[in-house]
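Trainee: Would you mind keeping the following structure in view while I ask a few things?
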């Protein structure tokens, strides 16, 4: 399954505006998209703002985003870019 | 009783106290529902969607940090994980409000436990939860009032509230207007608090840091002096005389319609018809016409102040007969309609038979497994041109010597070619004004060419919805698709009205949609030049329209079309037309 590993550099982590932007982009994807903390975290639904917030990804933490199906690479690229933006 | 705080926004104001509640009661544990689980799930889903729509809208209006919080809250209401949890609780037999409560609780614990930033999001989540539960239980939504207090005397004006709270968050204040709020009082906060800033920007008096304020009984009269910081509860009567000199004075001038202005006018809204021609507050005339299907409707139309007839259905003359009525008989009936409205517009629709109104003397050419898509309306009349010609002849005879302005239109027009054929039949008989109903999407999509061959168009929203969404009008389960607030339907109305306007032709709306005061304003904003409805709906629509400028209607129409669901479209339009809430519409 295609995946991207990305380290969150934003000071607020994957919260507030980055979280909302991330979830909005994930929601547009036709397939399921998951996010997990690296290493070893349980994957959660990237389209759920509540699960993303609860994942509590902070600055300098790394996540892995996974999606499968047609267009998955484009979706993952976009999400990785959002998560990796300062 | 007198309280003292810090004057944070100058001026005085008074009104009934509205205590801003911080939460709705917790739905009882173990509450169950009667009926189908699917219905209960739909109820919950609708409430979540409604709340998401409202929050999204407020977020867009607020902008900045408050806007971000509100939009994030909207996303919470639409969260897929939350929806799954709600559905699974409902499957266990738990009633929707309690299911919502428990689903939110799951997520809340995680957030609250983390503290800090996430702890604050837990408070946001509580706010969303309370709004959804409020929506489901009919409990007043937490937060601010959505309309002013009713008049305290018959014929009086609705009264803005004195809003009393511990503190007000951006989410609470985004939608507030002077129509709703006469003054603010908060227990917390200083002169630079959020409430103080909002109050000053609104030009509404405010007292902040006023301890004990939330102990004021809801509904009692409160007088607030935002300069001295004095808050008087149930002040002596002599103060109440100053009420009309408050912020209402300017507003009344704006809503006057050249009739009895101000308070008296507003007070009549719910009670009785103000009469007079339909127009916006800035004088844009929109004739308000009646849908009529027989003699008794004529009387009701006159009684409710219709400015004419926008849809005269002729089927009642034909139904239950073995052959079509003679020209003579028809002429007499039409004459009665024209005489009821001397000097006014009367729009007659020629026979709309077929589908749900089959007639033995106009049989379809073959079996019709799908009659709504079969030979009905103009299609049938083209096969029986004598029936149409007799009707047109009778109409021409009735109009001869009448001062009413007779307009004739054809139902079920799909193409400009059909419309052109019909106009030809009418013009030959000396009827100058021939039009087409717009109720088939093809006609709306090609309205630009259609309007060039007719003298006017009239949009039938009921059938237009049915045909646009391929959703049978008779099927209750498809109700959402027949919702006249569907943005796709609004698009077609806009498209048609614009094409008509570009060609200098009138474009009326004669479906049930026009009877909804809020939607009526939106239809005018979309470009409808007249509205026709059940006679009893006329007074409310007249009052609603008189409270808006054409520009406001246009903004509301634009906002509604910018949405993706009927609920969002409705909420968007309403937020652009705050005057409607004040009018209790």
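Glycine residues also receive a Cβ, built from the backbone N, Cα and C atoms like all the rest.
Just so it is clear, the model here is predicted, and its values are computed rather than measured.
According to TrEMBL, the feature region 'Disordered' maps to B:1-38, B:137-157, B:221-288. Per TrEMBL, the feature domain 'Phosphotransferase system enzyme I N-terminal' maps to B:4-121. According to TrEMBL, the compositional bias 'Pro residues' annotation covers B:142-153. The domain 'PEP-utilising enzyme mobile' annotation in TrEMBL covers B:159-229. According to TrEMBL, the feature active site, tele-phosphohistidine intermediate maps to B:194. The feature domain 'PEP-utilising enzyme C-terminal' is assigned by TrEMBL to B:277-547. The phosphoenolpyruvate binding site annotation in TrEMBL covers B:313, B:349, B:462, B:463, B:473. Taken from TrEMBL, the feature Mg(2+) binding site covers B:439, B:463. Residues or ranges marked as active site, proton donor in TrEMBL: B:510.
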Trainee: From the DSSP assignment alone, can you count helix, strand and coil residues within the compositional bias 'Pro residues' (B:142-153)?
Mentor: 0 helix, 2 strand, 10 coil
Trainee: Going by DSSP, how much of the domain 'Phosphotransferase system enzyme I N-terminal' (B:4-121) is helix, how much is strand and how much is coil, in residues?
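Mentor: For the domain 'Phosphotransferase system enzyme I N-terminal' (B:4-121), the helix, strand and coil counts are 77 helix, 16 strand, 25 coil.
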Trainee: How many whole Å apart are the CA atoms of residue B:510 (active site, proton donor) and residue B:462 (phosphoenolpyruvate binding site)?
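Mentor: Residue B:510 (active site, proton donor) and residue B:462 (phosphoenolpyruvate binding site) have their Cα atoms 9 Å apart.
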Trainee: I'm trying to understand the geometry here, so how far is the Cα atom of residue B:462 (phosphoenolpyruvate binding site) from the Cα atom of residue B:439 (Mg(2+) binding site), in Å to the nearest whole number?
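Mentor: Residue B:462 (phosphoenolpyruvate binding site) and residue B:439 (Mg(2+) binding site) have their Cα atoms 8 Å apart.
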Trainee: Between residue B:463 (phosphoenolpyruvate binding site) and residue B:439 (Mg(2+) binding site), what C-alpha distance do you get in Å?
Mentor: 5
Trainee: Among the binding-site residues listed here, B:349, B:473, whose Cβ has the fewest other Cβ atoms inside 10 Å?
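Mentor: Checked B:349, B:473; of these binding-site residues, fewest Cβ neighbours within 10 Å: B:473.
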Trainee: Counting every protein chain present, what is the number of Cβ atoms, excluding its own, within 10 Å of the Cβ of residue B:313 (phosphoenolpyruvate binding site)?
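Mentor: Step by step: centre on the Cβ of residue B:313 (phosphoenolpyruvate binding site), count other Cβ atoms within 10 Å, giving 20.
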Trainee: If you skip the near sequence neighbours and keep only those at least six away, which residues in the chain come within under 8 angstroms of residue B:439 (Mg(2+) binding site), Cβ to Cβ?
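Mentor: Counting only residues 6 or more apart in sequence, the Cβ neighbours of residue B:439 (Mg(2+) binding site) under 8 Å are B:411, B:412, B:413, B:459, B:460, B:462, B:463, B:464, B:467.
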Trainee: In terms of DSSP three-state secondary structure, what is the assignment for residue B:463 (phosphoenolpyruvate binding site)?
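Mentor: Once the DSSP labels are grouped into three classes, residue B:463 (phosphoenolpyruvate binding site) ends up as helix.
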Trainee: Rounding to the nearest whole angstrom, report the longest C-alpha distance spanning B:313, B:349, B:462, B:463, B:473, listed for phosphoenolpyruvate.
Mentor: 20
Trainee: Counting across all protein chains present, how many other Cβ atoms fall within 10 Å of the Cβ of the residue listed as 'active site, proton donor'?
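Mentor: A 10 Å sphere around the Cβ of the residue listed as 'active site, proton donor' contains 30 other Cβ atoms.
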Trainee: Among the binding-site residues B:462, B:463, which residue has the largest number of other Cβ atoms within 10 Å of its own Cβ?
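Mentor: Per the Cβ count within 10 Å, the most buried is B:463.
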